[in-house]
């Protein structure tokens, strides 16, 4: 009897195990069938709503939603008050924060003091182009209206249309789900640099999907005639890659083009503002030269059951060292962190030195103008300041440059500081020629002091922004929900952090 019981129990266990294995195999077969079947997200056009994509790609969607977790605000002007001096007369002197996750991109764009407080669709300081890297609605509108039409007019014109943050449609085709370049200006930039679009590989695309936004650009005024026969001018995002992707190549391009982003509010220098040349500086680093892509480190593959997929919580790889870094590097996590921290310390040290040199140069130039320096006297130091600040800005504007290309980053900071020091010496000589030998620049050691010197009416800007957020922005989202462009529960999950008090 006991022997029969043992046999029966053993048989039941074996049957249960075989049943489990059969179900597991069938489940994995079902998963593989689903994986090998590419869904059509939208028959025609661009599906900008990532939650619609999430119905077919739940794993990718769930990890993408985690990008909202990086919602902490780091006020870079508070951290580095020199920035208000360096960008005097330009929007970044008002407000500049460290980057956050893609989920937060659209709200950051609306909240920043740089975009102002429009009272209607045709006013405000910024053009339509300032939405271009913030929303998956951008390729939808470009396809529907045309690229030139999209780039025409003020930023506030499309507030109720551009309501979905960076998401699936920015990088993937809505019919095939394949990686694609959704911004035509990147295609033009690649062709200008000598790349053939037909030669791009899948591995290329795993970086170029990012390069659509993480690149240097300027707004090129482009005249055209609309369908109604009216003359229009579009401010088209343009990549200055015709002479190459290096900082000096772009500087040469801008100089030949006679381009300036703005005239400096303190030194009167015709300035260049680097945007976020992450891709360009990445191409000078060891990871790119070894064949790695952005996605290899920022979107490492992960496993769920039999399904292998890219983690769409795009973030600092140091938050996921085991999957992002230690697949190639052989250090422990702690040792690897220490190596990266050393690289960052070196960059930070040179960065502060360069910023201080540049801030002093701008303030010395202001004094030189005040005591009667001529344009002929000022031409050389002003041009030196322009070049120095461009190289400095290019080296740090993408934030991750110290890791992507540490050698190039340190080189650029060194050259920038050297040029800034040259400008300071030239300006000291000019001041001496005008009888000023003991001038000390004013204190810019805090955000408040630096913004005052830069002429930033901070409290006024915040008051205007809050009026805008409580009025026009609410109207934008209400209209978007009614039109079906946005889920009505959006407000419940949307982080709304700012570097300024929201009273």
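All positions are counted from 1 along the displayed chain.
Yeah, the Cβs are placed from backbone N, Cα and C, and that goes for glycine too.
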>> Just to be sure I read the record right: 210, 213, 214 are listed as binding heme c 3 in Swiss-Prot. Which of 102, 287, 329 is listed for the same site?
In response: 102
> Do you know which of 362, 399, 404 Swiss-Prot groups with 294, 297, 298 in the heme c 4 site?
Replying inline: 404
> Which of these, 276, 312, does Swiss-Prot list as part of the heme c 2 site with 168, 171, 172?
Replying inline: 312
> The record names 168, 171, 172, 312 as the residues that bind heme c 2; what is their largest Cα to Cα distance in Å?
Replying inline: 13
>> If I restrict to non-local contacts, at least six residues apart, and a C-beta distance under 8 angstroms, what lies near residue 134 (heme binding site) in its own chain?
In response: 105, 106, 108, 109, 162, 165, 166
> Which residues in the same chain, at least 6 apart in sequence, have a Cβ under 8 Å from the Cβ of residue 276 (substrate binding site)?
Replying inline: 213, 214, 215, 216, 397, 398, 399
> Using Cα coordinates, what distance in whole Å links residue 312 (heme c 2 binding site) and residue 298 (heme c 4 binding site)?
Replying inline: 8
>> Taking the Cβ of each of the binding-site residues and counting other Cβ atoms inside 10 Å, which one has the highest number: 102, 273?
In response: 102
